[in-house]
Amino acid sequence: MPPFNLTGLTPTTFILAGIPGMEKSHIWISIPFCSMYLAALLGNGVVLFVIKTERSLHQPMYLFLSMLAIADLMLSTTTVPKMLALFWFGDREISFGACLTQMFFLHFSFSAESVILLAMAFDRFVAICYPLWYAAVLTPSAVVKTGLVALLRSFCIIFPCIFLLKRLPFCGHNIIPHTYCEHMGIARLACADISINILYGLAVPFAAIVVDVVLIAVSYVLILLTLFRLPSRAARYKAFNTCGSHICVISLFYVPAFFTVLTHRFGQEVPHRVHILLANLYVLFPPLLNPVVYSVRTQQIKKKIVKVFICPKSHLLQE
C-alpha cells in the first residue's frame with residue numbers, strides 16, 4: 001500500500017518513531033510504563049466500583065470523582081496501548097484516521113478533566129462557604145448537567161482540530177517523532193502554512209485551561225477566607241482536610257501540564273527525548289496517582305474500599 005494518496009496529498013499511514021535516540025531501550029522503558037498503566041486501570045476501576053456499589057457515596061463530590069476516574073482512564077487508554085505495541089512489537093504504523101482519532105480523544109480527555117476539576121472546586125466552595133445551600137445547588141440534575149458541559153465544551157474545542165489537520169497537504173513526511181499522535185506533532189509534517197493550526201491549537205485550548213485554573217484559584221481563595229473566619233481550629237482543620245485531596249489532584253494535573261508546555265516553548269536546549277518522556281509520563285501519572293490520593297486522604301473512600309474488598313463477609317452481614 002502506498003504511503004500517500006497522490007490525488008489529495010493525504011497520508012494513508014503515519015510512522016510513530018517512539019522515543020528518538022532511545023530505541024534500544026524501548027523494551028526496558030515499557031516495563032515501568034506498563035506497570036503504571038495496569039496500576040492506573042486497577043486504581044480507577046476500584047474507585048468506580050466502590051462509588052457505584054456504595055449508596056452512601058452517591059453524593060456530588062464522589063460523582064465528580066467517578067467522572068474524573070473515567071477521564072483518567074480515557075487519557076491513558078488513548079495512548080498507552082499503542083505505545084506498548086510500538087515498544088514491544090515494533091508496530092510503528094498508524095493510519096491517518098486512527099491518528100486523528102487518537103489525537104482527538106487525547107486532547108478531549110485532557111479538556112474534560114480540567115472542567116471536572118473546576119466542578120470539584122466549585123463543589124468544595126459551596127460545601128464550605130455556603131453549606132446551607134449545598135443540597136439546593138448541587139442537585140443530581142446539576143451534577144449530570146456539569147458532566148454534559150464537560151463533554152460539550154471539550155468536543156467544541158477539540159473537534160475543529162480534525163478539520164484543521166484534514167485540510168493540510170502532506171507531501172512525503174509521515175514520520176512522527178513521538179509515541180502517540182497530537183495536534184501540533186501532525187501539523188508540523190504538512191508542507192503548507194500551519195499558522196492557523198498553531199494559533200488555534202495553542203490559543204483556544206490553552207485559554208480554556210487558563211480560565212479553569214483562574215476559576216479554581218478564585219474558588220480556593222474564597223474557601224481560605226472562609227476557613228480563617230471559622231471559630232475553632234478543629235473546625236478549620238476538618239474543613240481544610242476535605243479540600244486536601246482535591247488540591248493534590250489539581251497539582252498532579254496542572255503542574256506537569258504547564259511544565260511540559262513551558263519546556264516545549266522555552267526549553268530548546270532540553271533533548272527531544274526528554275520532551276517525549278515527559279509527555280508519556282504525563283498521560284500516566286495523573287491516572288495512576290489520583291485514585292491513590294483519594295483512597296489515602298479521603299476517609300469515606302478508604303473505609304468503603306476496606307469494607308468492600310478486605311471485609312466482604314462483615315459487609316454482607318451489615319446489609
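If you go along the chain as it appears here, the first residue is 1 and each next one adds 1.
Quick reminder: no glycine exception, Cβ is built from N, Cα and C everywhere.
Quick caveat, the model's predicted, so the values are computed rather than measured.
What TrEMBL records for 43-294 is domain 'G-protein coupled receptors family 1 profile'. What TrEMBL lists as transmembrane segment is 27-51, 63-88, 94-110, 115-136, 142-165, 186-203, 209-228, 240-262, 274-294.
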Does the transmembrane segment (274-294) make contact with the transmembrane segment (186-203) through 3 or more Cβ pairs under 8 Å, each pair 6 or more apart in sequence?
no
Please work out which recorded stretch in 27-51, 63-88, 94-110, 115-136, 240-262 has the most C-beta pairs separated by under 8 angstroms from the transmembrane segment (209-228)?
115-136
Sequence-remote partners of the transmembrane segment (63-88) [C-beta within less than 8 Å, at least six residues beyond its ends]:
16, 18, 26-27, 29-30, 33-34, 37, 40-41, 44-45, 47-48, 51-52, 94, 102, 105-106, 108-110, 112-113, 116-117, 119-120, 123, 143, 146-147, 150, 179-180, 249, 280, 283-284, 286-287, 290-291, 294, 301
